[in-house]
Amino acid sequence: METLEEKPRRHYKLSTVLYCAGVSWGAAAYGYGASIIATTMGQPSFLHEMGLDTASNASSLLGAANALYFVGGLFGCVMVGLLADRYGRKKTILLGAIILLVASAILAGSTNIAVFIVFRLLSGIGGYMELVAVPLWVAEIVPPKDRGILSDISPIFINIGYVCASWVGVGFYYYKNVNAWRAPIALGCLPAIFCIVAVFFVPESPRYLLLRDRSEEAWKVVQNLHTWHGDETFARREFQQMNQQIELERSLPGGYLAMVRRPSYRKRVWMTVLLLFTLVSSGVLVINNYATITYGRLGYSPEDQLFLQAGWLVASWASNMVAPLWVDRMSRPTLMTIGLAGCCFSVIMEAAFVATYGDTHNKAGLGACAAFNFLFVFFYGGFLDGVTWWYTAEIFPTHLRAQGMTIGMFTYALTNIVWLQAAPTAFASIGWRYYLFFIVFTALGAVVVWFTFPDTLNRPLEEVAKLFGDDDLVAAYQDHGLVITSADDHKGTIENGTGEQPVVHEENVHHVEGEKA
């Protein structure tokens with residue numbers, strides 16, 4: 001009998017990759033919108049148009065424009081939790097892209113800082129809807145053994161947005177016109193448009209379709225995406241397991257209240273909150289959004305600041321591009337621990353060099369500060385930027401996955417507000433010591449992740465509950481090519497793809513603990 005272990009093969013088509021890439025333009029729209037503010041705030045034409053070059057409260061207004069994006073993100077996260085299970089993953093992604101399109105267009109046409117701030121808030125709503133809904137859709141549509149590689153497409157596109165925003169900002173910095181700042185923001189409409197078009201061609205998540213009792217549509221999606229050269233064996237096993245699991249989960253209570261009533265669900269919640277808090281507390285967005293200011297304090301010219309910032313984002317994208325080489329070869333806790341430890345080391349060294357050479361003209365010392373910024377982004381992009389998004393999606397059951405992702409990204413947005421709002425004052429008052437907060441939280445997070453987070457590598461989403469002690473909530477296991485029923489009220493025989501109907505006993509169930517690789 002052919003088994004998954006005896007004859008490993010790829011269980012996705014080129015169309016799966018293209019669908020993931022198409023929808024991930026929504027992630028790129030988020031990345032562009034989140035990053036373009038960094039170069040916009042450095043544009044003399046923007047500061048003059050908004051009256052910030054003479055305003056006494058210019059720093060506060062710039063801080064508000066930055067922070068309100070993430071306030072909007074809080075609302076965007078909540079909207080996904082409300083909409084994704086009711087109207088579908090696709091429609092939620094579509095709505096987020098439309099909001100981003102409208103917000104980007106009006107931001108580009110803003111005539112005063114009040115309008116700019118209001119629609120920066122709206123941009124945050126749309127951006128975070130994409131940030132939550134896109135990885136949610138991707139995680140639910142890709143096969144388990146390739147989930148890391150395919151899910152990495154989303155963060156790659158986020159960084160495409162970052163890179164494009166930065167280099168567009170560099171290019172328009174040299175365009176001396178009173179409206180030079182408008183075109184870069186307007187270009188943010190393009191990835192939103194690409195996402196809107198793509199949504200009409202991609203399938204809905206089969207797990208969402210099963211939740212809505214649309215099993216025939218769900219099977220067609222799985223059959224189309226996970227059949228390899230006409231062989232439907234894997235697709236049938238996977239769909240059988242999905243279907244059984246959804247049938248079981250339909251009888252379970254859903255919503256946010258259910259997430260605090262069961263201990264295993266509470267564990268998932270605190271893990272999600274801790275992980276996303278630690279991710280932001282590595283200092284990544286403070287480094288990104290205030291990099292030009294930091295480089296300026298280190299003595300670099302305005303042109304050098306922009307090029308260093310743009311180069312940093314290219315390095316981030318490059319790290320994302322090479323990450324698929326190892327994301328499905330290491331356990332999830334190992335990946336995240338390496339990333340957090342590497343980021344922590346980089347920030348320690350950067351803080352040390354800034355403290356020593358920040359007020360000097362020592363070129364070697366100042367260069368080292370910039371170098372450790374780049375080392376930081378290697379660890380962040382290569383080991384954290386992908387796995388944290390899909391790990392959050394992996395650990396929650398289907399009927400709570402949208403709410404779990406919402407909690408994670410809500411934490412992400414809220415933590416960003418805290419660090420970014422504090423950054424201007426902190427850099428002005430305590431300077432390099434601000435990095436000490438990032439060092440402490442990242443170090444603690446690395447320890448907790450390594451010792452307490454289970455590994456979901458290669459495990460079907462329907463079997464992850466086993467890692468949290470919820471054996472009774474796993475309807476079926478895949479073992480040596482079979483879908484094996486585990487719950488007492490689901491015992492029976494399942495087709496194994498050869499036409500046989502084997503009787504499966506409880507002692508045959510294959511349990512694999514989530515040990516670290």
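Using the three backbone atoms N, Cα and C, a Cβ is placed for every residue, glycine included.
Per TrEMBL, the feature transmembrane segment maps to 17-41 (among others).
According to TrEMBL, the feature domain 'Major facilitator superfamily (MFS) profile' maps to 19-457.
Annotation comment: TrEMBL describes 61-84 (among others) as transmembrane segment. Residues of the same chain lying 6 or more positions beyond the ends of the transmembrane segment (61-84) and with a Cβ under 8 Å from any Cβ of it are 33-34, 37, 41, 50, 52, 55, 91-92, 95-96, 113, 116-117, 120-129, 131-133, 136, 208, 256, 289, 402-403, 405-407, 409-410, 412-414, 416-417, 420-421, 424.
Marked as transmembrane segment by TrEMBL: 93-119 (among others). Note on the transmembrane segment (93-119): residues 23, 25-26, 29-30, 33, 49-52, 61, 64-65, 68, 76, 79-80, 83, 125-130, 133-134, 137, 182-183, 185-186, 188-189, 192-193, 195-196, 199 of its chain, located 6 or more positions outside it, place their CB under 8 angstroms from a CB of the stretch.
According to TrEMBL, the feature transmembrane segment maps to 125-144 (among others).
Residues or ranges marked as transmembrane segment by TrEMBL: 156-175 (among others).
Per TrEMBL, the feature transmembrane segment maps to 181-202 (among others). Long-range contacts of the transmembrane segment (181-202) within the same chain, counting only residues at least 6 positions beyond its ends with a Cβ under 8 Å from a Cβ of the stretch, are 19, 22-23, 25-26, 28-29, 32-33, 36, 39-40, 43, 45-46, 49, 90, 93-94, 97-98, 100-101, 104-105, 107-109, 126, 130, 161, 164-165, 168-169, 172.
Within its own chain, the transmembrane segment (269-287) has Cβ neighbours under 8 Å at 259-260, 294, 312, 336, 340, 343-344, 347, 373, 376-377, 380, 384, 388, 391-392, 395-396, 404, 407-409, 411-412, 415-416, 419-420, 423, 434-435, 437-438, 441-442, 444-446, 448-449, 452-453, counting only residues six or more beyond its boundaries. Under the heading transmembrane segment, TrEMBL lists 269-287 (among others).
Per TrEMBL, the feature transmembrane segment maps to 334-358 (among others).
The transmembrane segment annotation in TrEMBL covers 370-392 (among others).
Per TrEMBL, transmembrane segment is recorded for 404-422 (among others).
If you look up TrEMBL, you'll see 434-453 (among others) marked as transmembrane segment. Within the chain carrying the transmembrane segment (434-453), a Cβ under 8 angstroms from the stretch's Cβ atoms is held by residues 271, 274-275, 277-278, 281-283, 286, 332-334, 336-337, 340-341, 343-344, 347-348, 350-351, 354, 422-423, 426-427, 516, all 6 or more beyond its ends.
Residues belonging to the domain 'Major facilitator superfamily (MFS) profile' (19-457) score a mean pLDDT of 90 in the model.
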